[in-house]
Amino acid sequence: MVHSQLPVAGPLRLLCALLLLPSATMIPGGLSPRSVTDPDVQEAAEFAVQEYNALSANAYYYKQLRIVEAQSQVVSGAKYYLTMELMKTKCAKTTGKPKVYKEIQNCELPPKAQQEKLNCRFQVWSRPWLEKMELTKMSCN
């Protein structure tokens, strides 16, 4: 007796294709790597830099040098996990009108011997439908 293999071939191919997917796509809520040039990552990084400067007791602004690594997680919205390098600028903070991200990025750096670089990890929670971003975690050294 000969049995047809056709009905089994389709589901078998589908199973093989699913097994070859990256593991992050198979875990709901898992971390996924993101390109540091992704517009959503850039927006989260800008927000993180502004929040860092608002919360920091330092008398000078720090600007973004580069995003070292970016990951995201689907939660109620998106959570971005960013590793970034920040550098102390020559721009002093003044009371009244804090600088926005683009202004901070235009600040000059001090001479090489006086430069202070920070390695920071930020978690930014984005909920676009509420037009809200929140810095949920920050650590720099």
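Note that Cβ sites are derived from N, Cα and C of the backbone, with glycine treated the same way.
Annotated signal peptide per Swiss-Prot: 1-26, in sequence order.
Cβ environment of Gly29 (site 'Reactive site'): Gln73, Val74, Val75 lie under 8 Å away, each six or more residues apart in the same chain. DSSP assigns Gly29 (site 'Reactive site') to coil, not to a helix or a strand. Per Swiss-Prot, site 'Reactive site' is recorded for Gly29, and the stated evidence type is similarity to another entry.
DSSP labels the residues of the motif 'Secondary area of contact' (73-77) in these numbers: 0 helix, 4 strand, 1 coil. Among the features that Swiss-Prot reports, motif 'Secondary area of contact' is placed at 73-77.
Around Cys107 (disulfide bond), a 10 Å sphere centred on its CB holds 17 further CB atoms from the protein chains shown. According to Swiss-Prot, the feature disulfide bond maps to Cys91-Cys107 (among others), an assignment based on similarity to another entry.
Residues or ranges marked as disulfide bond in Swiss-Prot (evidence: similarity to another entry): Cys120-Cys140 (among others). Non-local neighbourhood of Cys120 (disulfide bond): Ala48, Tyr52, Leu82, Thr83, Met84, Glu85, Leu86, Met138, Ser139, Cys140, each in the same chain, at least six residues away, with C-beta under 8 Å from its C-beta. In the three-state DSSP classification, Cys120 (disulfide bond) falls within a strand.
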Checklist line | Arithmetic mean of per-residue pLDDT over the motif 'Secondary area of contact' (73-77) | finding: 96
Notebook entry, point to check: Looking at the disulfide-bonded residues Cys91, Cys140, which sits with the largest number of other Cβ atoms within 10 Å of its Cβ?
Noted result: Cys91
